[in-house]
Amino acid sequence: MSVKITSKEQVNDLLDKYDYFLFDCDGVLWLGDHLLPSIPETLSLLKEKNKQVIFVTNNSTKSRNDYLKKFEKLGINNVTKQEIFGSSYASAIYIEKILKLPKDKKIWVLGEKGIEQELKELGYTTIGGTDPDLTSNGTPFDLNDPRFSNLDNDVGCVLCGLLFDVNYLKLSLTLQYLLKDNKTIPFIATNIDSTFPTNGKLLIGAGSIIETVSFASSRQPDAICGKPNQSMMNSIKADFPKLGENPRRGLMIGDRLNTDMKFGRDGNLDTLLVLTGIETEENVKQLNANEAPTYFINKLGDFYEFNQ
């Protein structure tokens, strides 16, 4: 059964028990562009006690540099690039370190600039993505578009994530690359979240877009680099070896049972569910022991507020 955190004593027990605090961002630290209560104070409290904080997000539309700017804009200071693990960064690292894709190979991107920026930082050339020539601009779709028969032979990988400007041309070109060379080109997904919660609303998530090209090509992604897939956890543990040696000193904090809590549980970390996102206390009480988070709390800011 999950333990509800409701007191200073319980918070201090958590501070004694864990050295690594992994956070989802949207729904935990903020909702859209609205900072949740007592977040800067809570993060400062953790750092004052020499705790390692790590920010883990499936939002591939932003690069780590973009997230640094968002933290600063919201008044969360002293965050470093090394503390941020986004699905765009995790995907880029996977392509470089696991796939070992040569740098002279291009990557077709179905996604936003966050993906492009992380790939370019590693020395890769991207096509597709935010290329303005791929926007419809109200012009009728051309079934005889020459781009369908003139694919770039230097493309060595297809990387798909969340895309705001979805159109038939981008989806169909992505399909051509997935079918290329008898479907042998690597197919990587940043994450497969079906929805994208923001500002109290549920929008279409990366998984719903990726499912379109997956269904059309009769292919499943060769790798999924976001939560709850453990490739992201493995990257984190590689950067923080002591967490890898003793994952029970880590606590995964998030607002989604099917991604954040599963991510932590599968990585052998304890888990803390916050109720500022999409889950409710009633949801938690209905879970069986194998699905339930270790703890739950009304909001992350209670860490600080209970200590006042």
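Glycine is no exception: its Cβ is also placed from the backbone N, Cα and C atoms.
Remember, TrEMBL labels are computer predictions, not curated facts.
Sequence annotations record features per position, and here TrEMBL assigns Mg(2+) binding site to Asp24, Asp26, Asp255. Long-range neighbours of Asp255 (Mg(2+) binding site) (same chain, six or more residues apart, CB within less than 8 Å of its CB): Asp24, Asp26, Gly27, Val28, Leu273, Val274, Leu275, Thr276, Gly277, Ile278, Glu279. When secondary structure is read from DSSP and collapsed to three states, Asp255 (Mg(2+) binding site) falls in the coil class.
Positions annotated as active site, nucleophile by TrEMBL: Asp24.
What TrEMBL lists as active site, proton donor is Asp26. According to DSSP, Asp26 (Mg(2+) binding site) sits within a strand segment.
Taken from TrEMBL, the feature substrate binding site covers Lys227. Every protein chain considered, the tally of other Cβ atoms within 10 Å of the Cβ of Lys227 (substrate binding site) stands at 31.
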*Across all the protein chains here, work out how many other Cβ atoms are within 10 Å of the Cβ of Asp24 (Mg(2+) binding site).*
26
*What does DSSP call Lys227 (substrate binding site) in the simple three-state scheme?*
coil
*Starting from the Mg(2+) site formed by Asp24, Asp26, Asp255, give every other residue of that chain whose CB sits within 8 Å of the mean position of their CB atoms, in sequence order.*
Cys25, Gly27, Val28, Leu29, Thr57, Pro197, Gly254, Arg256, Asp260, Val274, Gly277
